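Engineer: So TrEMBL says this about it:
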- 12-35: transmembrane segment (TRANSMEM)
- 26-288: domain 'G-protein coupled receptors family 1 profile' (DOMAIN)
- 47-71: transmembrane segment (TRANSMEM)
- 91-112: transmembrane segment (TRANSMEM)
- 133-160: transmembrane segment (TRANSMEM)
- 180-206: transmembrane segment (TRANSMEM)
- 227-251: transmembrane segment (TRANSMEM)
- 271-291: transmembrane segment (TRANSMEM)
Amino acid sequence: MDPSLVKFFKIFSLALDVFLFLTGPIYILVLLALWKNRKEEVLKHAFFKLMISIGIADVGTMLNLFFTIRLAQWGLVPELFIWLGGRSSRLSTTLVFFFANSQALMVLIVAINRYTAYMVPLRHRQLWQDGKLLLWSIVGVWIIALISIIPVVFIFEYQIYISPVDNRTIYFQWVNADDYFYYSIPSAFIGRPLIAISVFILYGNIFFTAFRKYRQGSRAKTETEKAVLNMAIIGFLHCIGLAIAIFFFIAEEIAWTVFKYNLFDVQIVSFIGTLGYTLFSAVNPYALLIFSQPTRHHFFKMYRIPTSVSFYKRKNLINVAESAHVETRIAQQVKP
């Protein structure tokens with residue numbers, strides 16, 4: 001690979017790491033604001049509870065990335081990882097799959113929540129209002145993620161690789177690469193692609209329905225519908241990161257395992273994977289602050305951040321979680 005391209009991918013990978021590093025504290029502050037104000041009328045809806053749950057998985061992914069994988073690769077404390085040996089690799093790999101599986105499942109639950117909010121608002125309120133479906137969805141996601149890492153914790157073996165270039169840079173590895181490939185089949189090769197496809201279908205139906213209503217011109221979109229569509233767009237962009245990472249992971253693994261050929265250079269794989277999972281893990285806090293007025297209001301109020309009137313009072317960015325309630329009320333008013 002051309003040295004200039006290698007330098008390019010390294011610089012942009014570092015830039016993505018810096019962005020993710022800066023996003024972590026912001027994300028934690030947003031989650032704390034949502035949790036502290038969870039009983040407020042505008043923030044007690046299912047959507048925000050789901051955002052807290054997926055936020056925990058996102059932040060967990062970021063912390064694991066920096067305090068295990070990147071800390072080892074940067075060679076800052078090689079003595080620690082050398083002393084831990086394969087245990088450090090086992091811990092990092094376990095957390096990677098635990099949080100990644102949680103993220104993917106939560107993305108699907110959020111997509112279903114947004115789908116019902118826009119497509120069937122009356123049914124949406126019936127499903128999510130009492131909190132039972134919400135509770136079982138969140139608990140179920142974390143239980144499934146916990147079960148999925150049992151082989152990672154107790155069956156497979158791991159090791160560390162110390163770069164001979166500087167004797168400080170450390171990489172985490174599976175002892176048997178085939179174990180990694182076969183374990184990835186149900187999760188990364190089947191589960192996550194199916195989730196990504198399902199999510200794209202759900203959001204695609206939302207966008208198609210909205211476009212059809214717009215073309216028909218039967219009535220103007222309500223503020224509620226606009227807000228739901230805004231969040232659907234963010235959810236769609238959120239999933240693009242997952243799709244990018246999945247595509248390159250599958251292509252590389254098939255090329256190497258089946259054809260014994262390294263399809264992409266290491267720098268390209270690292271950059272694309274980092275790009276995908278950066279978009280996947282870091283988009284939510286900014287989406288909430290931009291598109292959810294209640295989140296923005298309580299965030300600014302909690303941390304005493306001054307805001308401009310023009311930005312703070314944008315009427316088209318109303319509380320998306322109230323969409324089902326508002327649509328239900330409208331439907332009841334026009335019901336014959």
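Every residue gets a Cβ built from N, Cα and C, even glycine.
A quick note: this is a predicted structure, and the numbers were derived from the prediction, not measured.
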Engineer: Can you name the far-off residues of the same chain, 6+ from the ends of the transmembrane segment (91-112), with a Cβ under 8 Å from a Cβ of it?
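Structural biologist: Apart from its flanks, the transmembrane segment (91-112) reaches 47, 50-51, 53-54, 56-58, 60-61, 64, 68-69, 72, 84, 137-138, 141-142, 144-146, 148-149, 152-153, 158, 172, 174, 187, 191-192, 195-196, 198-199, 202-203, 235, 238-239, 242, 280-281.
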Engineer: Below 8 angstroms Cβ to Cβ, which residues of this chain, lying six or more residues outside the transmembrane segment (12-35), approach it?
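Structural biologist: Distant contacts of the transmembrane segment (12-35): 43, 48, 51-52, 55-56, 58-59, 62-63, 65-66, 70, 267, 270-271, 274-275, 278, 281-282, 284-286, 288-289, 295, 298-299, 302-303.
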Engineer: Pop the mean pLDDT for the domain 'G-protein coupled receptors family 1 profile' (26-288) in here, whole number is fine.
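Structural biologist: A mean pLDDT of 85 is what the predicted model shows over the domain 'G-protein coupled receptors family 1 profile' (26-288).
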